[in-house]
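In TrEMBL this protein carries:
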type	residues	note
TRANSMEM	20-43	transmembrane segment
TRANSMEM	74-97	transmembrane segment
TRANSMEM	103-130	transmembrane segment
TRANSMEM	142-166	transmembrane segment
TRANSMEM	172-193	transmembrane segment
Amino acid sequence: MGKLIVQITEVVYKFIALNILWLFFFVAGLGLFGFMPATLALFRVIRDWIKGNQFNLFSSYFTYYKAEFIRSNLVGAIFIGLFYIIYVNFSFAGYFYSESTQLFVYLVIAAIAAIVLMTFLNVFSVMAHFEYKTFSYIKASLGLVFAHPLMTLTQLVWLLAYFLIVVNFPRVSFVIGISVFAYVLMNVNYSVFKKYNAV
């Protein structure tokens with residue numbers, strides 16, 4: 001019983017520490033430039049955790065943050081561009097299409113937005129696990145969305161569940177924060193990566 005309590009305490013400590021590290025480095029990167037490297041560093045540390053690798057939480061996070069700063073922001077810039085294009089199309093669709101076709105156009109835009117969102121969620125796990133060129137990360141992440149529908153469905157369910165938890169229990173979000181969200185996503189993706197023997 002005592003051993004179990006110690007293990008639970010260690011897990012909770014890691015989640016809280018990772019939340020604090022993510023927030024600190026997110027702010028240190030002035031928000032816009034800190035989000036991608038802070039999040040990717042989080043996923044890389046979690047990958048080490050899942051694999052059972054020995055690592056120092058703080059030094060590993062800082063090392064990954066520095067190493068991934070430029071590459072992650074390049075990928076992030078591409079997604080910002082994609083989301084901006086989607087936003088512009090959604091905002092102006094009503095001006096360029098008749099009322100009879102607007103609903104269809106909005107549904108198409110919403111579907112594209114969902115695909116881009118799921119690709120974005122995948123890209124952190126892919127970048128944490130593989131060594132590709134910039135655009136290849138996006139292609140691989142997009143491929144996962146369609147090649148593994150069960151994985152995608154699991155991610156969608158977790159995304160909705162996480163959103164509901166944060167909205168209804170905001171104080172709990174300090175404990176689970178982004179680290180628990182990322183941990184579940186990395187676990188789901190890692191189970192797929194193992195099928196390719198890329199562990």
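Glycine is treated like the rest: Cβ placed from N, Cα and C.
If you look at the transmembrane segment (172-193), the same-chain residues 6 or more away from its ends with a CB under 8 A from one of its CBs are 12, 14-16, 18-19, 22, 39, 42-43, 46-47, 49-50, 121-122, 124-126, 128-129, 144, 148, 151, 154-155, 158, 162, 165-166, 199. Proximity of distant same-chain residues to the transmembrane segment (142-166), defined by a Cβ-Cβ separation under 8 Å and at least 6 residues beyond the stretch ends, is recorded for 115, 118-119, 121-122, 126, 172-173, 176, 180-181, 184-185, 188-189, 191-192. Cβ atoms under 8 Å from those of the transmembrane segment (20-43) belong to residues 57-58, 61-62, 64-65, 68-69, 72-73, 75-76, 124-125, 127-128, 177-179, 182, 185-186 of the same chain, restricted to positions at least 6 beyond its ends. Beyond its flanks by at least six residues, the transmembrane segment (74-97) meets 35-36, 105-106, 109, 112-113, 116, 120, 123, 127, 134-135, 137-138 of its own chain at Cβ-Cβ distances under 8 Å.
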